[in-house]
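What Swiss-Prot lists as coiled coil is 63-242, 389-449, and the listing cites sequence analysis. The compositional bias 'Low complexity' annotation in Swiss-Prot covers 1-16. Taken from Swiss-Prot, the feature compositional bias 'Polar residues' applies to 22-35. Look at Swiss-Prot and you will find 432-444, 461-475 tagged as compositional bias 'Basic and acidic residues'. Under the heading phosphoserine, Swiss-Prot lists SER53. According to Swiss-Prot, the region 'Disordered' annotation covers 1-59, 256-275, 432-478. For 58-239, the entry in Swiss-Prot reads region 'centrosome localization domain (CLD)'. What Swiss-Prot lists as region 'Mediates interaction with microtubules' is 278-491.
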Amino acid sequence: MAAASVSAASDSQFSSVLAEPSRSNGNMVRHSSSPYVLYPPDKPFLNSDLRRSPNKPTFAYPESNSRAIFSALKNLQDKIRRLELERIQAEESVKTLSRETIEYKKVLDEQIQERENSKNEESKHNQELASQLVAAENKCNLLEKQLEYMRNMIKHAEMERTSVLEKQVSLERERQHDQTHVQSQLEKLDLLEQEYNKLTAMQALAEKKMQELESKLREEEQERKRMQARAAELQSGLEANRLIFEDKTTSCVSTSTRKIKKKKSKPPEKKGSRTYFGAQPHYRLCLGDMPFVAGTSTSPSHAVVANVQHVLHLMKHHSKALCNDRVVNSVPLAKQACSRVSKSKKSVVPPSSSVNEELSDVLQTLQDEFGQMSFDHQQLTKLIQESPTVELKDNLECELEALVGRMEAKANQITKVRKYQAQLEKQNIDKQKKELKANKKTLDEEGNSSGRSSGVPRTASKKDLAKQRPGEKSRKNLQLLKDMQTIQNSLQSSNLCWDY
């Protein structure tokens, strides 16, 4: 307000100042005399009908500087007044606007509060409705669950009823099947009992026969021991006779060295008239040449008792096959030694052949057992396929597994015996080659020595050969015994079951 009063006072003073020169100018215009006609102040353009207000006259001639300044100041004063009026109007409008804004704010606040109140009420109402809806949904879910539970109960009851009916039907069928199965099993049991009775009778007969055979074996062992004792006595007598004969032959050789020329002129039949063995009695047999019996047979038969009986029969009936060559043969020792040296190739074969025969017999028995096991395996598989119950099938499967294990063990035994047989064949071939080489060397050495030396050392070398030959068969029999022991050890080392 103070600013407005100050501006009004300044405007009044400025207007009074401007009014005074305007008055003076008017007086000057009026009193001045000019030849020009005055320009109409209300018509700015001559050729147009445009008119101006008398408050703003136009002058046709140029004004002076002071007058121009006064007009400019007047124009400025008018502009200032207009601006003041506009400012006042603007202030009033601002005041009205501020009032209106305050009122509008109040109205807006009231409306906002009303809206918030209405929203709160609506939210509360909506929450109540939502809670009611949730409760209704929960009730619906509970009802649905109850319905599903009731349906499940009904289905379960129906399933139980059907299962009970099916069980009853299956039990009836099983009863009928069990009755038929029991009847078949009873029939099988009757057959098995009959077979068992037959087997027990056969076993009793076999036991009786075994007892009789054992008694016979004991008697035969006693007889064999007696024969061995008697043979030992005879062997000792034979050795004494041999020593006496060797003494006689040495004396004959010493006399023959003195009369070499006479002996050369005489026929060769008379030279060895005293060195011959006569037809000696047959009881002079060599026990080292007898076949060795070690629990298994050397002949094609598998019965040990039969083999022992055969040997004793040969001994009783004076078989020349079991006697020493020096006792039975009428050929001199020198000729026997030469013949034995020449036939050394053939003497190697019998023990190896006997071992091979025994191994082939063992292989045959093992293969027979394996074939029987394979037949049992087929029968068990058929029974497993035809078994009606699960328990019987399990028992049969257990038996089949045990049978498979035994078959594997039997196959291992067969492979071991075959390997050992191949090794023996290789060893026999190597031995034959070595003995052939040794015999060739000995024959060459004897030929060289016979070409260089006289007849006396030749007879001595033949005597040495004759001394070496009698124990050769016993050594071969010992080698056969060792081979059999190695076979037994190789078969027993795996701790396998032989019978099934």
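Backbone N, Cα and C define each Cβ position, glycine as well.
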Quick check: in three-state DSSP terms, what is SER53 (phosphoserine)?
coil
Model confidence over the region 'Mediates interaction with microtubules' (278-491), averaged pLDDT:
65
Can you check which residues sit near the residue listed as 'phosphoserine', meaning Cβ under 8 Å from its Cβ, same chain, 6 or more apart in sequence, and list them in order?
ASP42
